[in-house]
Amino acid sequence: MRRVRVLAALAVLVVFLFILPTLDLPTFGILPSSTGMPGSLRLLAIVVITAALAVTFDLLLGQTGLLSFGHAVYFAGGSYVFAMMLNYTSLSFWAAAPLAVVAVFAASLLLGMVSLRVEGLAYAMVTLAFLELASVMVTRGYFGTNGESGLRLPSAKVPEYFIGIRNVSNVYSLAVVVSVVVIASAALLTRTRFGLVLRGMRDNPLRMRVLGYDVYWTKLVIMGVSSGMAAICGVAYTIILSGADPTTTTMTFSLSLMFMVVIGGSGSVAGAAVGGAVYALLLQRLPALGDSVAGSGPAMVSDIVREPQLLLGVIFLAVVFLAPAGIRGLVSRAGAGLATAARNARPSRPRADASH
Amino acid sequence: MTTIGSVLSVRHLSARIGTSQILHGVDLEVPRNQTTVILGRNGVGKTTLLRSILGYVEASGDVELLGRPIDRLPTHKRVRAGIAYVPEDRDVFRSLTVEENLRLAERAGQVPRYDLVFDLFPDLADRRSQNAGSLSGGQQQMVALGRGLLAECELLIVDEPTKGLSPRVVQEVVDVLARVKEGVTILMVEQNLSAAQQLADDVVVISEGTVVASGTGEMLVDRDKLRGFLGVGRSEEV
Amino acid sequence: MDTFVLLTVAGLSIGALYYLLASGLSIIFGLLDVLSFAHGALVTVGAYAAIETMTRLGTPSLLGFLLAVLAATAVGGLVAYVIERLLVRPMYSRGHLAQLLVTMGAALIMAALIESVKGPDEVHMPLPKALEKSIHIFGAVIPVSMALTILAAIALHGGLLLFLARTRHGLIVRAGVDNADMVRGLGIDVSRSFSLVFVLGGLAAGLGGALAAVYVRAATPSLGDTYLVYAFIVLIIGGLGSLRGAFVAAAIAGVIQQFANYYVKAGAGDIVVLALLVVVLLLRPQGLFGRVGRSV
């Protein structure tokens, strides 16, 4: 029964996301404009893709207990390989997109074979090293990555319905489709037997080893799957921005995935999605918020408030300290609190009567 | 609260590890200058009881050392209040030398009793600069006991000192404990009944996280009755 | 020949910077099982502290430079102390991930604070004349600043080894790496050692920041990030938890990086170091000096 209700709620949410461009709802300053406007739609597209990216990371950290500092490299990889294929080969848009994902998937398996030779924090550190390599290649502009300015998609090759302000709603729809597919696949994956094995790896790797599961191969498989999904998100992100963005290869961006999952509540697909969405929204909107706050305070304060990273850091620490289970934990705690309150509010309690 | 002559009193001690409740309200008195041996089958909470007394495991209930409540203190302060601890599986610092292991047990304001330790374990004196990790199980147990005896203490807590040792070494360990037990209050967990019999003044039997029987060392003579307390069949080895 | 010597010395000096960061991380990891992301930001903080001191003292002098280095070191240690007490310590009971996360939060906040106060652009490091000079070794012209950085790393390494081998605090740290619970069981407050190693790591990172500012003649708010990544790489190559391994690996990484950058192409050095990491992982995943068990 509960399951049906959850599915129904999700279906409503998905439909809502799809018809959002036609609704033109007011957003009370959360978005730059009402929902139907191109600025808001583009931002929402980034938000839903970031939510999906956070879910791919949760497959590693939350589900498998595999801590990676460099997961963004596969997102950036999908983005750059796609952009490079369009720029430097004769591949068409719709051929390059899946090929980029396959290439990143294959690369992730190779990198996984190397990095999974160590465990725990050492593994995480190695993944960070790979990210650093990507970062160096991109900032120095090797292999046609075009350096700090990013690599734009050649507009001749991008289908017309994805180009220009008029077509932002198409780009937005694409982002929603990609996001829904990625998140739904991840959610389904966690419900399979393989998903159970992953959680077993997370909770008791020794036990799983004794039970005859190959920890190395299981980790390699989930690394490939989540990296491939991240590459899909990367391709979509490139389409939204009309180009590959070098900041996706930075350490800060990669580590922020951890923020997203923790903000949402590690180990839950829904929590990670919410965390990713909240993070993207905060990152995009905090500067504007800072500007509006800054007008009233002294210069020093306004400078500080204008730093979105600073506020994110504070929010993040607050979550770690005050709400260890993230937003999901807060929600379920609030739910439990409401339930208790409702129970206590009931007029006649048998035990209270007995004590009189 | 404290019974006259008790070095350690434990009241209503309950502890859980993760989601499972290990101890259900244990009461325990350890009389001065006596050796109290805790018996019980594997997994009934003997080690958890010792670790709760030491503050390693979060527990509720009262723990008093010489009438002074210590249950709110962190582990190192409980130990400084007058406990020496010889853990299960020795837990020697493997990458440190024997001498360094012992040196860590020195306490401020006390003269370390190296004479006593090297007199009890002449072997250790010869192996001062050997890495503790390279010692045999019996030798490691001697390092662990030496660490426990180096500083004077009110209560020596020893967790299964004979576990995993060969019969000859078991007897060596028992002999050492028999030598030091005069003048020291000892609380120990011991599965080896013959070792327990040689050392115990008092016996406490634990089952399913509570004390099911206690008495003097005489209890160990009637093995059938003891088996009943331990909850094992006649044919089983206790 | 002189190019060879110069490249070697330049490589060793950049390796020295990696070691200044990696040494602290190594001991912290050994004792607490935690990587401190905050120590990358401490390098940045140290660099800005050094620059700020030099700038305020007016005309660059050798004495002023010494003061700047001291200030950077002290600030690194102080900030590390604050982070440990306020953020990391409450997380000891919450597990390693929570500890890692708070150091990341701290790093983010520090970088953002620096950027909001000092701006995102490079800030120039004024140097006294004495440091701009060079000395002649084996026919090569070696900048004094490079020699100084290498000496600082060697002194730190020797000092740390002595501290660990000869002092009671060092003994407690080594024992804590083996089994922190048992250290408590001997009546020793091991959390004081946690603070101590955090502060030691912070001092080294602050010093590293000052020397990094000398090396690149400037600082940016993200200065420490790159060093942090290379410190991580050095730790893995050397063997996680091995101080000697970190020392040797830092030197190797720095030198091959310089040679590749010079002889192949700028930026090739990063790829070569990564390649070394991959080779080490494939052939000897525990690292050059790593053992299967852990020890400092």
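Every residue gets a Cβ built from N, Cα and C, even glycine.
Note that the coordinates shown come from a computational prediction; the quantities given were computed from them, not determined experimentally.
Of the listed segments A:3-23, A:66-86, TrEMBL assigns transmembrane segment to A:66-86.
Note: the stretches the transmembrane segment (A:211-237) and the transmembrane segment (A:66-86) are in contact (3+ CB pairs below 8 A, sequence gap of 6 or more). Beyond its flanks by at least six residues, the transmembrane segment (A:171-190) meets 14, 17-18, 20-21, 41-42, 44-46, 48-49, 51-52, 55-56, 58-59, 63, 162, 198-199, 225, 229, 232-233, 235-236, 239-240, 269-270, 273 of its own chain at Cβ-Cβ distances under 8 Å. Against the transmembrane segment (A:66-86), stretch A:121-143 has more CB pairs under 8 A than any other of A:92-114, A:121-143, A:257-282. Packing against the transmembrane segment (A:257-282) from elsewhere in the chain are residues 30, 43, 46-48, 50-55, 57-58, 61-63, 71-72, 183, 186-187, 190, 202, 308, 311-312, 315-316, 319-320, 325-329: each is 6 or more residues past its ends and has a CB under 8 Å from a CB in it.
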